[in-house]
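**Q** Before anything else, here's the structure in question.
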Amino acid sequence: MIADLTRTERLWAMLILGALGLVGLAMAIGGRNDLLGIHGWIVLAAGLGGFVAVMRGRDAPEPNPERLNEYYDAPTRVGLILTLLWAVVGMGVGFWVAALLAWPDMTFDVPWLSFGRLRPVHTSGVIFGFGGNALIATSFHVLQRTTRARLPDQISPWFVLLGYNLFCVIAASGYLMGLTQSKEYAEPEWYADIWLVIVWVVYFAIYMRTLARRKEPHIYVANWYYMAFILVVAILHIVNNLAVPVSFGSAKSYSLFSGVQDAMTQWWYGHNAVAFFLTAGFLGMMYYYLPKRAGRPIFSYRMSIISFWGITFMYMWAGSHHLHYTALPHWVQTLGMAFSVVLLVPSWASAGNALLTLNGAWHKVRDDAVLRFMALAAIFYGITTFEGSFMAIRAVNSLSHYTDWTIGHVHAGALGWVAMITFGSLYSIVPSMFKRERIYSQKLVEVHFWLALSGTVIYVFAMWNSGVIQGLMWRTYTESGGLTYSFIDSLVAMHPYYIARAFGGLLFLLGALVALYNVIMTIRMPAPAPDDAALDIPVQPAMQAGE
Amino acid sequence: MFGLHYNLERSAVGLVAFIVLVASIGGLIEIAPLFTIDETVEQAPDMRVYTPLEVAGRNIYIREGCYACHSQMIRTLRDEVERYGPYSLAVESSYDHPQLWGSKRTGPDLARLGNKYSDAWHTTHLNNPRDLVPESKMPAYRWLLRDQLQADDLGEHLAALRAVGVPYTDEQIANASLDAYGQANPDSAAAGGVAERYGDATNIRLFDGEATRLTDMDALVAYLQVLGNLTDAAHQPQPEAE
C-alpha cells in the first residue's frame with residue numbers, strides 16, 4: 001500500500017496524518033472532561049499509527065512507473081474487505097438487538113449493551129459501514145473502467161476510504177458511549193459530521209478529476225447515479241446536521257431546527273438517505289455489474305435516463321410521507337404522498353430495465369449464483385419500491401406507521417436489494433481484483449445465496465405479520481365503542497414474530513460470514529501464471545454510452 | 001429532448017449543475033415555507049421552557065436512545081386520541097432541538113406522559129420495567145439511580161439552546177446548575193429560585209426518592225413528568241380529530 005505511493009505522495013501522506021494526529025490531540029485536551037476526549041484519543045491513535053506506518057515505508061523504492069498504465073485498484077481491494085467486515089459487525093449487532101426485543105434482560109446492567117445504544121450501531125453499521133464501503137469500493141472500480149482513465153492520484157482514494165472508515169468508527173463507538181444527536185441515521189455528533197464533509201469533498205473531487213481525464217466522450221450511466229449519490233448526500237448531510245455545539249470541549253450539540261421544521265428536515269434527509277445513499281449509489285452498481293455479468297447490454301438506455309431524472313427530482317419531495325397525520329401542515333403531507341406514488345414510475349423503470357436486460361440470459365441466472373444475487377436484487381427493488389409507494393398513501397400509512405411493518409419494508413430493501421446487489425457485485429469482481437482465476441468456492445456462493453434469500457423471506461414475513469397485527473390491534477374497538485386491546489396486549493402478540501425475526505437475521509448473518517470466508521480463501525489461493533495476471537486489462541464498458 | 005441529453009452526458013460540470021438543480025426543487029418548496037408561514041405553528045402564550053434539570057433529563061433520554069422505541073407525536077386519529085390524549089400540536093415541540101417525534105412504537109407514545117404516573121412508579125419502572133409490567137420488553141436502566149448527574153455545565157447547555165432560539169434569560173443561564181439541584185431537592189434553599197424563574201407550576205420534588213444525591217434518574221423522571229405539560233394549548237378546543 002505504501003510502496004504504491006511516490007516519495008512526494010508519502011510526504012503528503014505523513015503531513016495529512018500528522019495534522020490528523022494534532023487534531024486528535026486538541027480534541028483529547030479540549031474534551032478531557034467529556035466523552036469527546038475519548039474520541040480525541042481514537043483520532044490521535046489513527047493519525048499517529050498511520051504516520052508511523054508511512055514513515056517506516058518512506059525509504060522504500062519508488063513504484064514502477066508502468067503502474068500508470070493500469071487502473072489503481074488497491075483502494076478497491078481494501079474497500080471490499082472492509083465492506084465484508086462491516087457487514088459482519090452491522091448484521092451481527094442487528095441479530096443481537098433483534099434478540100434483545102425478544103429477551104430484554106440480556107442488557108446485563110451494562111449501559112453500552114442496552115437496546116437504545118446498540119440499535120444505531122446496527123443501522124449505521126449496515127447503512128454506512130457495509131453500504132458506504134461497498135459504494136466507495138465499487139465506485140472507484142466502475143469509474144475507472146467506464147472512463148478508461150486511472151484515478152487522478154494515489155493519496156486521495158486512500159484518504160476517502162480510510163477517512164470514511166474513521167468516521168464510521170467514531171460514529172459507532174460514540175453510540176456505545178451514548179453520544180448521539182438522536183436524528184435517525186444522522187446520529188453522529190457535530191465533529192464527526194464536519195469530518196465527513198471533508199472526506200466527502202475529496203470524494204467528489206476524485207470523481208470530477210477522473211471524469212476530466214476520461215477517454216470516453218460520454219459519461220456512462222452508472223456514473224450519473226454515483227454522482228447524484230455523492231452530491232445529494234452532501235446537501236442532505238450538511239443541511240440536516242446544522243447544529244450549535246455546547247462548547248468546543250463538548251461532544252453535545254443542539255440542532256439549529258426545532259419541532260415541526262426539524263421533523264420535516266429530518267425526514268427530508270431520512271427519506272433521501274434511502275433515495276441517494278441506498279438507491280442511487282446501488283443503482284449505479286447495478287447498471288454496471290448486472291449487464292457485465294449477464295454479458296448483455298442494458299435493455300434500454302433511454303429508460304435509464306428517464307429513471308435517473310425521475311428519481312433525482314421526485315424523491316426529494318417524498319420525505320413528508322413519514323409525517324402523515326402529525327402536526328406537519330396538511331399540504332406538505334399531501335405533496336409527499338402524491339410524489340411518493342408517482343415515484344413508482346422511475347423506480348420500476350430501473351427494476352424493469354434490469355430484468356429485461358436479463359432476457360436471453362435467464363439460463364445464466366439459473367446456473368450462476370452471482371448473477372442470481374443481482375437478478376433477485378432487482379426483483380426486491382421492484383417489490384420494495386411498490387410497497388414504499390403504497391405505504392405512503394395516507395390511509396395505509398395510518399395503519400402501518402409506528403409499527404413493525406415499516407421495519408419489514410426497510411429490511412426488504414436493505415437485505416433484498418442493497419445487500420444482494422452488493423454481494424453480487426462483490427463476488428463478480430473479487431477474483432479479478434485479487435488476480436485470481438476464480439472465486440475459491442462456487443458452492444459456498446450458492447450456500448450464501450440460499451441463506452440470504454431464506455433469511456430475507458423469514459425476516460420480512462415476520463415483520464409484515466407483526467406490523468399489520470400491531471396496527472390492527474391498536475385500532476380495534478369493542479361493540480360498546482371502547483378500545484379492545486391495551487398497548488401491552490399488542491406487545492405480547494409480537495413475541496413469536498420477534499423470535500422469527502431474530503432467526504431470519506441470523507441466517508442472513510451466517511451468509512455474510514460465508515462470504516467473508518470465501519473471499520479470504522480466494523485471496524489465499526495461489527496466483528495464476530504471470531501471463532494470466534493480465535486478466536484485468538482496460539476493457540470496454542458493457543455497453544457503449546450514448547448509443 | 002434526447003439531443004439535449006446527448007450533450008449533457010458529455011459534460012461533467014453540466015451534469016453536476018443539473019443534478020443539484022433538479023434535486024433542490026422539492027426540498028425548497030416543502031421546507032422553506034415552514035419557517036415563514038404563520039399557520040405552521042400555533043400561538044401558545046402559556047408555553048414555558050424546559051428547566052435545566054429537564055434539559056439534562058432530555059439529554060439522557062436521547063443518550064439512551066429512548067426515541068427508537070417511543071414516539072412523542074399523537075396523530076389525529078380517533079384511536080390514538082382515545083388511547084393517549086389530545087393529538088399533538090406543532091407548538092408543543094417548538095422548543096425541542098431536535099424534535100423527538102420518533103418513527104416507531106415498540107413501546108407506547110409518550111407525548112402526554114407527564115403527571116400520568118407517580119415519580120415512584122417511573123423510578124421503579126426505569127430501574128426494572130418487569131417489576132411493574134411483567135410482559136415489558138424495555139431494557140432495565142439500573143445505572144440511572146447509581147450515576148450522579150453531571151450538572152456543572154448546564155449553563156453552557158442553556159446558552160447553546162438560546163443560540164438556536166429558545167428564550168432563556170441571562171438569569172436562568174447563570175443559575176442553571178443551582179436550579180437543577182434545587183428542583184430535585186424541595187427542602188433546599190435553591191428550590192425557591194426554580195419556582196421564581198420557571199413558574200409555580202414547575203414540579204419541584206424528590207424525583208428519585210432520595211435527597212442526598214442528584215442522579216440521572218432525577219433528571220430523566222423530571223423530564224418525563226413534564227411531557228405534554230409545557231403548554232395547555234392541546235387541551236383547548238381544536239378542530240375535530242379525523
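The backbone N, Cα and C atoms fix where each Cβ goes, and this holds for glycine too.
According to TrEMBL, the feature heme b 1; low-spin binding site maps to A:His122, A:His411. Annotation source TrEMBL lists Cu cation binding site at A:His271, A:His321, A:His322. Sequence annotations record features per position, and here TrEMBL assigns heme b 2; high-spin binding site to A:His409. Feature annotation from TrEMBL assigns domain 'Cytochrome oxidase subunit I profile' to A:21-547. What TrEMBL records for A:36-57, A:123-143, A:155-178, A:190-212, A:224-248, A:268-290, A:299-318, A:338-358, A:370-393, A:405-427, A:447-464, A:498-520 (among others) is transmembrane segment.
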**Q** Can you tell me the three-state DSSP label for A:His411 (heme b 1; low-spin binding site)?
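**A** Once the DSSP labels are grouped into three classes, A:His411 (heme b 1; low-spin binding site) ends up as helix.
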**Q** For A:His321, A:His322, A:His409, A:His411, listed as binding-site residues, tell me which one has the smallest number of other Cβ atoms within 10 Å.
**A** A:His409
**Q** Cα-Cα, whole number of Å: the residue listed as 'heme b 2; high-spin binding site' versus A:His322 (Cu cation binding site)?
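**A** With distance taken Cα to Cα, A:His322 (Cu cation binding site) is 13 Å from the residue listed as 'heme b 2; high-spin binding site'.
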**Q** Can you tell me which parts of the same chain pack against the transmembrane segment (A:155-178), counting only residues 6+ beyond its ends and a CB-CB cutoff under 8 A?
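**A** Distal contacts: 1, 5, 9, 12-13, 16, 35, 38-39, 42-43, 46, 50, 72, 75, 78-79, 82, 86, 89, 111-112, 117-118, 120-121, 124-125, 128-129, 132-133, 136-137, 140, 187-189, 192, 195-196, 198-199, 202-203, 205-206, 251.
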**Q** Can you grab the distance from A:His411 (heme b 1; low-spin binding site) over to A:His322 (Cu cation binding site)? Cα atoms, rounded to a whole Å.
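**A** Computed Cα spacing between A:His411 (heme b 1; low-spin binding site) and A:His322 (Cu cation binding site) is 17 Å.
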**Q** In whole Å, note down how far the CA of A:His122 (heme b 1; low-spin binding site) lies from the CA of A:His271 (Cu cation binding site).
**A** 18
**Q** Neighbourhood of the Cu cation site (A:His271, A:His321, A:His322): other residues with Cβ within 8 Å of the Cβ centroid, in order?
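**A** The answer, listed by sequence position, is A:Trp267, A:Gly270, A:Ala318, A:Gly319, A:Ser320, A:Leu323, A:Gly336, A:Ser340, A:Ala392.
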**Q** Would you confirm whether the transmembrane segment (A:370-393) and the transmembrane segment (A:447-464) meet the contact rule of 3 or more C-beta pairs below 8 angstroms, pairs 6 or more apart in sequence?
**A** yes
**Q** How long is the line from the C-alpha of A:His122 (heme b 1; low-spin binding site) to the C-alpha of A:His321 (Cu cation binding site), rounded to the nearest angstrom?
**A** 24
**Q** Return the stretch with the most CB pairs under 8 A relative to the transmembrane segment (A:405-427), choosing among A:190-212, A:268-290, A:338-358.
**A** A:268-290
**Q** Among the binding-site residues A:His122, A:His271, A:His321, A:His322, A:His409, A:His411, state which ones have a Cβ less than 8 Å from a Cβ of chain B, giving them in sequence order; state 'none' otherwise.
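**A** Near chain B: A:His322.
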**Q** Before we move on, state whether the transmembrane segment (A:268-290) and the transmembrane segment (A:498-520) share at least 3 Cβ pairs under 8 Å, counting only pairs 6 or more apart in sequence.
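**A** Not in contact, no.
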**Q** I'd like to know the mean pLDDT over the domain 'Cytochrome oxidase subunit I profile' (A:21-547).
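**A** Here the predicted model's pLDDT, averaged over the domain 'Cytochrome oxidase subunit I profile' (A:21-547), is 95.
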**Q** Take the Cβ of A:His122 (heme b 1; low-spin binding site) and count every other Cβ within 10 Å, whichever protein chain it belongs to.
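**A** By my count, 24.
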**Q** Tell me, how many other CB atoms lie within 10 A of the CB of A:His271 (Cu cation binding site), whichever protein chain they belong to?
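**A** Excluding its own Cβ, A:His271 (Cu cation binding site) sees 23 Cβ atoms within 10 Å.
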